[in-house]
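Chemist: Pulled these features from Swiss-Prot for this protein:
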BINDING   ARG48, THR49, ARG98, HIS129, GLN132, ALA257, PRO258  carbamoyl phosphate binding site
BINDING   LYS76, ARG162, ARG214  L-aspartate binding site
Amino acid sequence: MRNYLNINAINKNDVLHLIQRALALKSGEQPKTKSITAVNLFFENSTRTHSSFQMAENQLNWKQIQIDPQTSSMTKGESLVDTLKTLKAIGVDVAVIRHSQNSWYENVLRSEGHAIPQLVNAGDGSGQHPSQSLLDLVTIYQEFGHFEGLKVRIIGDLAHSRVARSNAEILNKLGATVTFSGPKDWQPVDFDSFGEHVDLDVGWSEQDVVMFLRVQHERITHTENQNFSAKKYHEVYGLTESRYENLKENSIIMHPAPVNRDVEIADDLVEAPKSRIFDQMTNGVYARMAILEYVTE
């Protein structure tokens, strides 16, 4: 039994094994079913991640408990640690948690006393999104069969994106060349170690993967929201018809979703032939099945 909190804390061989396992499950291989009870605890809104984990748990024949933090004893002041100890005491084996606090799991892991369930990080603030990273890796590997030498451009709201951070680091480890584009004010300083920040159209036609990120209005400042122009952003940092036409023949378009149509990606291009956005969602179920098997081995 183990946790799944940060994909970059997992060794390369285990990451590749998880990718292969997800693809095997997708091709029809039978899952490793066990008598497991999981709780899904989401402190932030979610459609894809939440429902995808529920679907993965169903496919594994797990029992599920759904808890809304807004109607739980945490509104009375109970800590996350004590909530998890309570859930373990009543028989919960795995807790899938999304939280607005970066690295929420660090305080939990430092706790002493009664046991807690195995932990799966379903996203922590602007920190990490390890299950999204895995499904993105599955999607890229399914397309190209390798990572070494691939050119990947990550575009958009880098500062507030847990997806960008998780993906940039793991793709570097797997041998891809990562570059970034987007507003300079949304370029974290520590991203310099993962790749170069360039104007969007520089080297555009050489990219194998172009990964767009949602503008996270809920995390940017009030002033930034007031000054934001969707039309201007799309012209400078978005996937326009002309940029689509200038992509390599075998390149793919990705986005963790939800997509702001006509902001990050032109409406007509969200489901264009090069788009793998809905394939990512499909792969998310199998990637999360592989993760849930992994934490209960």
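Each residue, glycine too, has its Cβ placed from N, Cα and C.
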Chemist: What residue among the binding-site residues ARG48, LYS76, ARG98, ARG162, ARG214 has the most other CB atoms lying within 10 A of its CB?
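Modeler: Per the Cβ count, the most surrounded site is ARG98.
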Chemist: Tell me, if you would, which residue among THR49, HIS129, GLN132, ALA257, PRO258 (binding-site residues) has the fewest other CB atoms within 10 Å in the structure shown?
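Modeler: Counting other Cβ atoms within 10 Å of each of the binding-site residues THR49, HIS129, GLN132, ALA257, PRO258, the minimum falls on PRO258.
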Chemist: Measure from the CA atom of ARG214 (L-aspartate binding site) to the CA atom of HIS129 (carbamoyl phosphate binding site) and give the result in Å, rounded to a whole number.
Modeler: 14
Chemist: Name the secondary structure element type, per DSSP in three states, that contains LYS76 (L-aspartate binding site).
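Modeler: Note: LYS76 (L-aspartate binding site) is helical by DSSP.
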Chemist: For ALA257 (carbamoyl phosphate binding site), what is the secondary structure by DSSP, using just helix, strand and coil?
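Modeler: The residue in question, ALA257 (carbamoyl phosphate binding site), is coil (DSSP, three-state).
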Chemist: Do any of LYS76, ARG162, ARG214 (binding-site residues) have a CA within 10 A of GLN132 (carbamoyl phosphate binding site), and if so which?
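Modeler: Near GLN132 (carbamoyl phosphate binding site), where near means Cα within 10 Å, the binding-site residues are ARG162.
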Chemist: Out of LYS76, ARG162, ARG214, give those binding-site residues positioned within 10 angstroms of ALA257 (carbamoyl phosphate binding site), comparing C-alpha atoms, in sequence order.
Modeler: ARG214
